[in-house]
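The structure appears right after this line, and notes come after that.
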């Protein structure tokens, strides 16, 4: 502490010296700003010289065009050298001369690994060229417009629309630390919002920059962020109103300039107010220095304010017809810029937006039209033409059209306005003069009036916007957004630029002090010794402007002078400051200008117009004319603010409507004159002082907007313009202040992780701080280059680059060593491989040679053997040939001789045959001729006879009588013919037998006669032949021989021709077959190809159609489930409002007695005593549950008293019960005899029934036997299946009869026991006196009412049992009748069967069919009659039901009218206790207890219990109880989830049980589609009375709501773990080192106790999975949940990857892929690979692969495009732009490669959205999953009090 005191004294002395205006100090400050890396100490450039002494160092040298140019040192620098040998990046050699005076060396360039950093302070060398280059690389190459520079956010205007401002981006930045995400305006807004909530301190965001740099847009996005993140505290949509103020202020305060199409021509400071919960409650706006001159003058290519052009574009609207507007080119005030249109902007549409914003802010339509009327009058005023009357006066021509419209719109007289536009009033001490003014002054007066009216209108709109944004809720804190003009310098600078630069001087001073303060606090926090950082203080410049006798003071003084002028004011400035202030200069060539040395640059101001603009005078008479207007709004503009009305037309607080008098008021006139004495400069100085006080009272956040070029080209960077703005906005000053101290700061853990490679194993200690100290002492010898803080290490500028060089050298050496070892290993492996190959080759060659020798020897031996066998073969062949020739000759000779002999024998044999054939032919010819003649004669005779018969038949056919005779008795004839046919058949059989015998005898006789005839004919022929025909036969033989030869020749020729033809045809057929076969093959192939193509096409179309249908189904399902979510949200909101209303209507605390009857009935009626709600209202218990604490304590005390009273009553009841048991034991013996008699009577009746049943059974058996006998007898007859069906029906009837008998017996026994119990109760009532004291047990008579209710219940049960007995007796009678009818049917069937057996087969079939048709017809008629009866019954019951429902509604209305005060405490539906069964007195199930059941018992037990209760209600056929039970279940589950919806275990439990309950409703519904897997016992348990399909849909919707609640709960648990576990944590330690960071520290990736890891995520997933499995969740549902979990993990991880440049590196891609593989392994362990979860991680996997693949050539681009099919083009380009090398060995992605990727992906049709939607919930389905568990096997805990459930 003692050592620091002298330093503090020196500090104060230095401050005093700096306050003095000293040129030497300024020059020194400039030098230090230029070379900040030299430090504050002598010899600070030692490090630079050391670096330059080593060759190939890279430096920055000044350049005229590019400001700074990169070069590389080609020759080592030695101390004293005056020239540096450099080589530029384009290869050009250059000699750079050093300044001999200063000998300053050029700036060193940062390592490539540090280029493109998010924070400029992370650069090792901090200077102007490094900053400029880093911004350029980020802007041009990576397309990143935001960069941190310490506490400043630098925003470069891209002049393009970027998709980085959506709601998804806002959600991604919400809740994040400022250094954890990439730079963004949302990150600054989030930091301000977070500090406001954390530090309880107001915040400010200061947005500055040149016109066109994007200030307004940045401020707009900051306000949008606050509106989106915080929301409003009420339903008034305050955030929408805050955002709605933007289009209004832009329309009236923004205009097009040469630099910006939407330039803000005023400054504004918007305070956004928040309440204690940090919700937006309102806002307030302050404006500064509106550019009024733009209303009357615009330069070329500029426009007036937007509102004028919007008004002209909307002039065609009906409501604007009265304004008499035209085009913008028709008005003088809007056409001076000669470019009234902005490309891409629709002024009419913008006008609609402005009007909507006015409406949203509460400005009603009449006020809007009034505003537009005033604006239109300003345009018309600008067109008023003033003409010269003479040199000293002017005149407006009469009936000037535009002036008439102006006066009409403004409500003033034409004469007054035209007069005072050309005259002015001069006042002296005694008199007043009216003086005409020349034309130029008249035009100036007109323009001044227009500016004054617009300024008043602007202020009025701002005031009323503030009123609309004002909130009645008390403001707890605020965030201010300052959108103010940046430093401006033009060729001609006037009063506006002077004020703007003055404001920027004040803001720069505040900025410098804040930056210095932060640096000082950082050093003090880390407890390191520090010295005063020298920074440029602009207080002298501010004093020059605002101090006494400063520029503004002299200007105000000159304005007060009667004859003050700009020239005299300039002379005063020269005389006052020219010699005394170094910051003030006089131009050489002008006496009407002055120069001020601002913090950014020198600016020359022209004095012309300063006085006039500072005075801002307007003719007071013109103002009086306007005040006398009949236009209310115009009068209101010129009122005081206290008397102005609200824009909504509301009455002000002071009273009624007020209107100013036309007569001048002296007081007001004096006040107005005082106000006119207050100059514009003074007003601006006061408002600026107020602004600075506000900013100093808040925590500022700085956004500096940079304009990259003057031509508005997208992503084009002009270094000259950028450097000018960087110098002007204070970014370089921040860099200089940071570089003057210790700009680089590392935590000990980050330093250890990054530079672990520079340490030896022995240097690594358990204490990281000591390890870092020891290593730094060895690596950096100069201890002044670093300092050790409490948590960080501070480095001087350049030290990080030096350490990076050491690290890179170490890694390079290690790389070389690894390469050496690997190359040695590879060479040795290659040598061993070659040696082994040589040995192998030698072995194979020697083996080959040996094999060749063996092969030669084998071939030699084989040749000898072949020769031997060849010679033997030749000799043997010669011998065989000779032998064969001899044999052939012998064979030919012998064959010739044999043929000659054969021919002789053949001739003789053939001659004999020919003679025989000729003789036979001649005999046959004679016989044929004779036979033909005989047949011809027979035909002629028969034809003659047939003609005669035909003639007779034709004559008979023509006669009608003959026809009638033929038809008479046709049927009889047919029958006679049939009988005759039968007789003839018999005769034919007899005749056939006789014919057979006659044929046999005739055949024998014929054979004998034929033999005799043959013998005789032969003898006759022989005689004739021998006698007469020998010669003719010989001639005939010769002729036949010739014919035979000719026939043989013809036959041979025909055979040859047929053979030839056959061969030719075969060839043709073969060719045709071949061609047809080829055509067939081609056609088959074509058909197959077409079929395959069609199949593939149809498959693709089917697949696409299926995918589209699935997509549409999922979309529809998702839409439906989203509607369910919205419905649930509205229900919750409705419940909350209802609770609020109920709480507001709660009566005063006090005990209110409740009817005990109602309480007991309510306990029995309510299905859930803890959670269930009634169907039409809330019960009294729920109202009492929300009372205040005092009432709760009183009720608790009362409950304890009631419990004590209940215990005493219970004891008394037990004592009385014991007395009742003893009395009952005595009465049992007395009534034993009566009971036995009744039992005997019942047994007798039972015996009679049994005997009757036996008789019926005997009859049935006999009938069955008879039927079987008849069936066996007629088994071959048709119609036997009908009899089998009849037997089956009889068997079923018998079984039903047996069941009915058992039921009758059971009911008989129950009736006897019930009767005994009733008799005992009646006797006990009369015989025991203790019941008399029951009504006296308590004062409310509860037990007495209970006893009476039990009696009524017993009577009801007895009556019901008697009714059941009667019904069963009726059923028995019905069964007897049915049995009798069955007997009769059986008899009829037997008779019919006997009759059918007697019929022939055809008649039997026809009779059976006729009988079956008759039977079916009768049955159909009977069924139709029954159906008509049932329809009549249903219609009758419906009418009765409507009547009863109407009566019930009337009764309920009457009851509610009678006791309206009881509605809170009593249920809506009155409980009818006597109508309840004894074993079902209400289901009171504690749902909290059900939650604990699943832990130790079977999964889904609550669902089974609830379904069994529902089945019991269905069994007793009570629809009211079924409806109440289901409603109670649904409401109770909703209530539990509303209270414990953030507990995953609870939500999972009820999701599982709801699904199981839904499955039970389906499984036991009775529908065949759900009963396929049921057992017969389960089918018996199906619901029998009610169809609950509608409730299944309701339960399905409830399950969807629970599922979505489960997903939200799971997402809330997983969300904090994902980024840390998947991205930040290094699962594989040492793969990715931590890069140097700047002031905005990101979250460390080194795991500590509070950091989530991948194991944390997996453990959480295991927990989710085990909980769902433990609760028995359906496997398909688990798969859907896991798929949603993995989608959230993948989407959140990918979104953060796309927003974090530091995470986009090769090593991080490896980490991500390893993490994803661990998740996939988890899926495999859980057998969930088929659930689709892996596919949801595909975008993340592809992004990780994209980080690791090569990114250089076109082939790499093609591979990336085919690989990244799950990523959008925007995401791929974003990853490539963000890719950042972590080590020096990695390379950046070139801009050309990114453009190649964009070109290849140009045709993709996809969403332009950058981030994945993390709020997406896949549509859920609940596939039917039947349970194999039988309901009767479930063990129900007795604690559930569901004893009415019985096991069946």
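Just so it is clear, glycine is given a Cβ too, placed from its N, Cα and C backbone atoms.
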TrEMBL lists region 'Actin-binding' for one of the ranges 688-710, 711-733, 734-756, 757-779; which is that range? 688-710
Cβ atoms near residue 216 (ATP binding site) (within 10 Å, other residues, all chains): 23
Taking residues 6+ outside the region 'Actin-binding' (688-710), which of them lie with a CB under 8 Å of any CB in it? 135, 139, 149, 151-159, 185, 188, 191-192, 195, 199, 201-215, 218, 222, 259, 269, 286, 288, 480, 482, 486, 502-503, 506-507, 510-511, 514, 716-718, 721-722, 725-726, 729-731
Mean pLDDT across the coiled coil (967-1140), rounded to an integer, is what? 78
Under DSSP, the domain 'Myosin N-terminal SH3-like' (54-106) has how many residues in helix, strand and coil? 0 helix, 24 strand, 29 coil
Treating G and I as helix alongside H, and B as strand alongside E, what does DSSP give for the region 'Actin-binding' (688-710) in helix, strand and coil? 9 helix, 8 strand, 6 coil
Proximal but sequence-remote residues of the same chain as residue 212 (ATP binding site) (Cβ under 8 Å, at least 6 apart): 157, 257, 259, 260, 263, 707, 712
Mind giving me a neighbour count for residue 210 (ATP binding site)? Other Cβ atoms within 10 Å of its Cβ, every protein chain shown. 25
When you measure from the Cβ of residue 213 (ATP binding site), which residues in the chain that are at least 6 apart have a Cβ under 8 Å away? 155, 157, 260, 486, 705, 706, 707, 725
ATP site, defined by 209, 210, 211, 212, 213, 214, 215, 216: further same-chain residues with Cβ within 8 Å of the Cβ centre: 157, 260, 263, 264, 486, 705, 707
Around the Cβ of residue 209 (ATP binding site), other Cβ atoms within 10 Å, all chains included, total 27
Taking the Cβ of residue 211 (ATP binding site) as the centre, how many other Cβ atoms fall within a 10 Å radius? 21
